[in-house]
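**Student:** Below you'll find the structure I mean.
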Amino acid sequence: MEKTSDVEPSQIRIGVVGLGLMGSSITTCLLIAGHSVVAIAPLHVDLETAETRIRDHLTHSFEHEICSEQPEFYWKKLTITEDYSLLKDVLVVIECTLEDMTIKKQVYERIENVVSDQTIITSNTSAIPISLLQKETRVPDRFLGLHWAEPSHTTRFLEIICGDKSSQKKAEWLYKLSHYWAKEPTLVRKDIRGFITNRLMYALYREAFHLVENGYATVDDVDRACRNNAGYWMTLVGCFRWMDLTGVPAYHAVMKDLFPTLDNGTEVPKLIDDIVNDGGKGISNAHGFYEYTPEEAQLWRETFEEFSYEIRRLALKYPADIVKKKLESKKSPD
């Protein structure tokens with residue numbers, strides 16, 4: 001979809017509630033798109049860490065030509081605060097708090113006490129059904145899901161999710177607006193736990209744990225297979241286009257025998273359970289599926305950030321409508 005004249009980011013003030021990793025990168029994305037942003041820190045400690053993160057994101061985005069202006073240009077459009085009353089004039093609010101219904105309910109109450117009934121309220125939840133969350137709001141039809149990927153200012157991914165009571169008109173307006181955020185969005189018109197991408201990814205995670213816990217492969221073996229097979233083509237196409245490209249009948253034949261052998265367990269795998277119970281958080285505390293020295297953990301963080309900019313450059317060369325554009329180019333006169 002092309003950007004449309006009835007949506008102008010510079011005229012749309014947005015609120016972001018929650019300034020952890022994702023809240024900070026979402027804020028960065030919105031600033032680069034031209035919005036003024038009111039960023040609410042529910043936790044006092046986020047006031048300082050968010051400023052550092054957002055400044056770093058803006059600096060690196062300028063260096064990698066994602067944005068055309070120096071950080072200070074965008075910084076003038078940002079307010080970081082603990083004061084919910086400053087959300088009064090925003091047209092959209094994006095909630096990015098912990099995956100806890102009690103916390104979210106409290107946040108929605110504070111938001112709705114300030115904003116108008118016309119303000120769209122969204123959640124960046126990864127898995128809680130939007131239909132459940134909107135029951136915790138006073139005006140459920142203006143409540144939708146906005147599921148981002150980290151880092152939000154470099155990735156193309158965005159899911160816009162309708163709950164049972166969500167306004168389709170508001171969902172379609174968000175769909176239009178998200179194109180200004182450099183996204184290739186998906187509009188999920190029927191709510192389901194996990195939405196699209198998490199249902200796909202957690203099926204992959206479940207099978208990965210099954211292979212490791214039953215001795216078929218190591219953690220490193222599984223990671224290498226993911227990187228060098230699906231990781232090789234997924235920036236260009238999704239699973240259905242991939243089957244079209246490589247021959248549908250072959251997949252049909254394999255499914256008959258393979259599907260019955262795939263794991264369908266419903267319990268949390270012991271491998272991840274043990275790590276979490278032992279205090280493991282992954283890179284953030286150098287203890288996850290792999291062990292890291294502090295230096296290795298820092299280098300993995302830096303390498304992921306570097307990669308996110310590099311893969312973005314490649315991805316932008318191959319948008320979803322790349323073939324359509326090539327056909328139009330062939331038809332147009334020289």
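Yeah, the Cβs are placed from backbone N, Cα and C, and that goes for glycine too.
Automated prediction, rather than curation, is the source of TrEMBL annotations.
Sequence annotations record features per position, and here TrEMBL assigns domain '3-hydroxyacyl-CoA dehydrogenase NAD binding' to 14-191. Annotation source TrEMBL lists domain '3-hydroxyacyl-CoA dehydrogenase C-terminal' at 194-292. According to TrEMBL, the feature site 'Important for catalytic activity' maps to H147. Summarising the annotation, TrEMBL assigns transmembrane segment to 12-33.
Walk me through where these features lie, including what they touch and how far apart they are.
**Tutor:** Across the domain '3-hydroxyacyl-CoA dehydrogenase NAD binding' (14-191), the model assigns an average pLDDT of 96.
Of all Cβ atoms in the shown protein chains, 24 besides its own fall within 10 Å of the Cβ of H147 (site 'Important for catalytic activity').
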**Student:** Give the residue counts of the domain '3-hydroxyacyl-CoA dehydrogenase C-terminal' (194-292) per reduced DSSP state, in the order helix, strand, coil.
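**Tutor:** Split into helix, strand and coil, the domain '3-hydroxyacyl-CoA dehydrogenase C-terminal' (194-292) gives 64 helix, 3 strand, 32 coil.
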**Student:** By Cβ distance under 8 Å, which residues at least 6 away from the ends of the transmembrane segment (12-33) in the same chain are close to it?
**Tutor:** 39-43, 46-47, 49-50, 53-54, 57-58, 61, 66-67, 74-75, 77-78, 80, 84, 87, 89-97, 107, 111, 115, 124, 148, 150-153, 177, 180-182
